[in-house]
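These notes concern the structure reproduced below.
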Amino acid sequence: MSSTHLPGGNQALLGCSATELESWAVAEGQPAFRGRQLHDWLYAKGARSFDAITVLPKSWRISLQQRGLTIGRLLEVNRAVAVDDTTKLLLATVDGETIESVGIPTQQRLTVCLSSQVGCPMACRFCASGKGGLQRSLATHEIVDQVLSLREAMDRRPSHVVFMGMGEPLLNIEAVLASIRCLNIDLGIAQRRITVSTVGVPHTLPQLAELAMKRLGRAQFTLAVSLHAPNQELRERLIPTACAYPFETLLQDCRHYLAVTGRRVTFEYILLGALNDQPQHAEELAERVRGFQSHVNLIAYNPIDDEGFQRPNPETIEAFRRVLEQRGVAVSLRASRGLDQNAACGQLRRQHAAIG
């Protein structure tokens, strides 16, 4: 291992395991315990700079900085807090890009919603994240930092993680899996409390199943597949990239994922007023997922300022849920949070860009 580079040739420490940091410290001519000290300051104490890690020899800290190594922390440039304490952070990367992360508190838990890319290439009609297209994928340390930044901002330890922010996680599989390993092992968040959401990218679900077993030993996180429609025609209207991924092929890949990992799949379905929220849509959806070891999570649409989609009324939402339940489908309704502070995915970033 090079004495001037971190594992994998990275320049940021965040994302490295205790074992990797110990081995790297030894390669740097330091005792192995220096690596354990680094690990403690990175993950338990949330250090933002080498200067803050005063237990390390000053000469080594200076050397690390001179060689361009960093902790890998991002800079908070904006914060929005809703009346229910839902907190959205706008974080800046070293190359000047911005990403969003959201903390969603309840009395029992703190769920953090993470971005996996800067922007998004999927261009879903109802989502703010894809309006500006994709700039790039995030590195592992940029994903992990979002959890630390929300922990600092909310002064509370996150208990659950969902990859439901900006970007398509399955177009950044390696960094997402590396960050899951870090969140699990280094930050102590159980895999079963981590959810990876995807709109569906051809050939990636089998790849995810295989890589998760290799990288993590076992895939215990939850896979959430965003359907948002009960048939191919309507799905293509809402998700342009769906034209390359037939509905039945997507479901077959979900069955393969279940067979390989033993983990049931969650199907996400955003309810759009008068478009996909009628009883006949619920009947068709129930027919699609019947007999599938799965769970359907309904999401009422969060309005975006310049879009024509509408949020269904509560009676329509309940009627849709009831149809699924009566057809034997396991179903839940996600509570909407942070509506008063532009906390829907991608909205704070768009607002910041418009001002800037």
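Glycine too: its Cβ is placed from the backbone N, Cα and C atoms.
Under the DSSP three-state reduction, E100 (active site, proton acceptor) is assigned to strand. The active site, proton acceptor annotation in Swiss-Prot covers E100.
Marked as active site, S-methylcysteine intermediate by Swiss-Prot: C345.
All chains included, 24 other C-beta atoms sit within 10 angstroms of the C-beta of C127 ([4Fe-4S] cluster binding site). Look at C127 ([4Fe-4S] cluster binding site): DSSP puts it in coil. Annotation comment: Swiss-Prot describes C120, C124, C127 as [4Fe-4S] cluster binding site.
Using a 10 Å radius centred on the Cβ of N302 (S-adenosyl-L-methionine binding site) and all shown protein chains, the other Cβ atoms total 21. According to Swiss-Prot, the feature S-adenosyl-L-methionine binding site maps to G167, E168, S197, S226, L227, H228, N302, an assignment based on sequence analysis.
Around the Cβ of C113 (disulfide bond), the number of neighbouring Cβ atoms within 10 Å comes to 26. The disulfide bond annotation in Swiss-Prot covers C113-C345 and rests on sequence analysis.
Positions annotated as domain 'Radical SAM core' by Swiss-Prot, on the basis of sequence analysis: 106-340.
Annotation: E100 are the recorded positions among E100, C120, C124, H228 whose CA atoms are within 10 angstroms of the CA of C113 (disulfide bond).
The closest partner of C120 ([4Fe-4S] cluster binding site) among the recorded positions, by CA position, is E168; the full candidate set was E100, E168, S226, H228. The domain 'Radical SAM core' (106-340) scores a mean pLDDT of 95 in the predicted structure. Nearest in space to N302 (S-adenosyl-L-methionine binding site), taking C-alpha to C-alpha distance over the recorded positions E100, C124, C127, is C127. G167 (S-adenosyl-L-methionine binding site) carries neither a helix nor a strand DSSP state and counts as coil. Taking all protein chains in view, 21 other C-beta atoms sit within 10 angstroms of the C-beta of C124 ([4Fe-4S] cluster binding site).
If you draw a 10 Å sphere around the CB of G167 (S-adenosyl-L-methionine binding site), it holds 30 other CB atoms from the protein chains shown.
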